[in-house]
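Below is one structure, written out as structure tokens, with a few remarks after it.
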């Protein structure tokens, strides 16, 4: 009787082992791919499975797998805007400025003011610096008073 029970247990385990080893392994998300040595012509390689096998996913769309639902269609006629809170916005960050007139401050000469449309002449600022520049006398630094550059980064004075 014990021998008979042992053979039933072994046969039951053998069917489980053979079922897992002879069936092609599944891979990828929701087990839609198959692990193979070479992908078929209608399949695409995605990643590597165990034992140097490739995870091959079919290029042809199969309806047996659940797919992501399509995006809902938005009709432009259904979109409405409420303009009741919008004042007369000119596009300028500061209110009541006219964006059609720009002022160039880098050029000197004749500019037109937008209010009167009359030309005005402006002159560049006069140069107040002299041609001679004097430098204060600098102290001569010796190697005894100043440490080398590698040491100056380490000292905190």
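Just so it is clear, glycine is given a Cβ too, placed from its N, Cα and C backbone atoms.
According to Swiss-Prot, the signal peptide annotation covers 1-20, on the basis of sequence analysis.
The disulfide bond annotation in Swiss-Prot covers 27-55 (among others) and rests on similarity to another entry. Residues near residue 55 (disulfide bond) in space but far in sequence (CB under 8 A, at least 6 apart, same chain), listed by position: 27, 28, 33, 34, 35, 45, 46, 47, 48, 49.
For 35-49 (among others), the entry in Swiss-Prot reads disulfide bond.
For 39-56 (among others), the entry in Swiss-Prot reads disulfide bond, with the evidence type similarity to another entry. Under DSSP, residue 39 (disulfide bond) is assigned to coil, being neither helix nor strand in the three-state scheme.
Taken from Swiss-Prot, the feature region 'Disordered' applies to 109-157.
The feature compositional bias 'Low complexity' is assigned by Swiss-Prot to 110-140.
As annotated by Swiss-Prot, compositional bias 'Polar residues' applies to 141-157.
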Long-range Cβ environment of residue 39 (disulfide bond), under 8 Å and at least 6 residues apart: 45, 54, 56
Other CB atoms within 10 A, centred on residue 49 (disulfide bond): 18
